[in-house]
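Colleague: Submitted below is the structure of interest, expressed as structure tokens.
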């Protein structure tokens with residue numbers, strides 16, 4: 001035996017190049033340093049009390065529940081196959097399978113979180129079978145509770161609680177005779193000859209699986225994503241329906257960061273996440289891979305072809321065909337809020353790197369109710385709990401329409417909706433009523449050549465309530481005494497509706513220089529701690545703040561919302577952002593060029609429509625018949641300027 005390996009002469013083999021992730025070269029291939037490992041361990045310890053890690057026992061329970069559900073699906077598909085007289089050889093191997101997607105599939109679910117699942121069936125099993133015989137089979141199972149089917153949804157779903165775990169099950173029928181155990185849903189050929197509902201149902205699994213295949217290190221990705229999702233929830237910017245980002249969008253942003261720093265670990269990736277997306281030149285899209293055309297004639301996101309795609313403000317494109325923008329709900333205001341949160345996150349992680357702060361500071365909730373001088377409070381009420389759940393879901397899904405209308409108001413710079421809803425006090429203690437409210441913070445513009453600013457929001461509120469009522473009636477969901485109310489309150493008046501523990505001022509972040517970036521230099525200064533905000537006072541009693549719903553006449557028709565800001569003798573400083581020096585905070589990051597997306601042409605920012613307020617008579621909108629049957633309340637002449 002030779003004591004040493006023999007070196008043979010000849011051409012030397014060059015090592016294969018490292019695998020390339022994403023649509024551009026990485027920014028840095030630097031391996032983690034010892035300080036990075038220490039910071040990552042501290043990050044893990046900080047995350048634990050927030051319940052973002054599930055105990056092994058709970059995880060095994062989820063796995064067992066999914067196995068039971070998977071066996072139920074196989075059993076059900078066999079029964080369907082037998083009832084349709086398929087050959088015995090086919091029945092023996094017909095298969096059927098439960099796939100998971102969302103946070104559970106990504107491996108970042110929290111304690112008590114629900115599971116998103118997909119039931120995949122062969123071609124002879126119909127969607128109607130899923131919502132009848134499979135639904136009935138679930139109903140008979142002793143561990144299944146709270147079973148409900150939502151067959152008419154955009155993505156039809158069966159919701160249930162299986163042994164204490166909430167599960168949403170979608171359905172997809174593939175054009176296959178049998179469903180093999182090793183089926184890879186990323187295979188684009190599976191989409192051929194499928195109806196659009198099946199394609200939508202498959203999309204969640206396909207996107208989740210693609211994300212996991214497009215990151216260099218899954219463990220580093222997962223820990224970073226856990227931290228970023230917790231940060232987004234703490235800072236009230238985690239809500240797709242209200243115009244912020246949902247779970248899949250945050251996952252794609254973290255995945256892109258991992259691609260740009262493939263060897264970095266979580267503590268570094270969190271810092272780089274804030275660096276990359278505080279400097280990102282929106283509306284350039286975030287892409288995890290080059291978009292591919294499959295000639296299946298499915299609509300894909302492409303601003304070169306689809307004019308409407310050019311107006312998306314913060315596009316984050318799903319990596320699976322058909323590529324879609326997961327953030328089409330983002331508005332001018334929500335993007336502005338998120339970008340400032342990115343910049344604050346960059347400043348805080350800079351402090352953490354310099355040992356001037358702990359990770360816990362990143363997860364401190366900002367004081368939303370100290371941040372603004374003016375708020376709009378929306379209230380949704382219904383007489384029964386079941387009606388209230390449906391009503392709240394509809395109203396919440398339309399709030400972004402109101403935010404969009406407010407943004408177009410020439411006197412409003414920003415409309416920031418808090419994604420968290422709150423129980424509202426009862427109108428009458430003796431009346432059975434369920435009430436929920438949402439709060440929108442407003443930043444007003446500096447008036448020109450005037451000491452008093454007066455804003456009429458009658459049209460905005462009326463259009464919003466009309467839209468909600470119209471949809472409720474069209475979907476046959478509307479019931480008597482389902483109501484929407486809206487009111488304008490100043491900061492000091494919020495205690496009338498919200499308890500002190502909600503309103504109390506949180507510990508102020510030390511990044512005192514961070515302020516909301518305005519749309520123009522004439523906007524109100526808005527500091528994080530609220531101390532430097534411009535003082536605002538109300539108009540005389542004629543336009544005093546108050547509820548915008550009518551008093552005795554039909555509660556559904558809001559009266560004018562008028563707001564006034566006294567700006568006598570107030571200086572309006574330029575709004576700025578005091579940002580940590582990237583080169584100091586990120587180890588020479590100033591030399592790092594954030595690669596923007598190359599394949600897509602530069603997308604011009606969507607023009608902000610200018611709204612000309614025209615008042616011709618006592619009516620601003622054409623009112624449909626009110627749901628309650630009462631005549632529409634006439635609207636008084638709105639105050640447009642004082």
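Any Cβ shown, glycine's included, is placed from N, Cα and C.
The compositional bias 'Polar residues' annotation in TrEMBL covers 546-556, 579-594. Feature annotation from TrEMBL assigns compositional bias 'Low complexity' to 609-622. Positions annotated as domain 'Poly(A) polymerase nucleotidyltransferase' by TrEMBL: 22-215. According to TrEMBL, the domain 'Poly(A) polymerase central' annotation covers 220-364. Among the features that TrEMBL reports, domain 'Poly(A) polymerase RNA-binding' is placed at 367-435. Look at TrEMBL and you will find 1-21, 523-561, 579-642 tagged as region 'Disordered'.
Help me understand the surroundings of these features in the structure.
Modeller: Across the range of the domain 'Poly(A) polymerase central' (220-364), the DSSP-based residue counts are 74 helix, 6 strand, 65 coil.
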Colleague: So what's the average pLDDT for the domain 'Poly(A) polymerase nucleotidyltransferase' (22-215)?
Modeller: 94
Colleague: Counting each residue once, how many in the domain 'Poly(A) polymerase RNA-binding' (367-435) are helix, strand and coil under DSSP?
Modeller: 28 helix, 19 strand, 22 coil
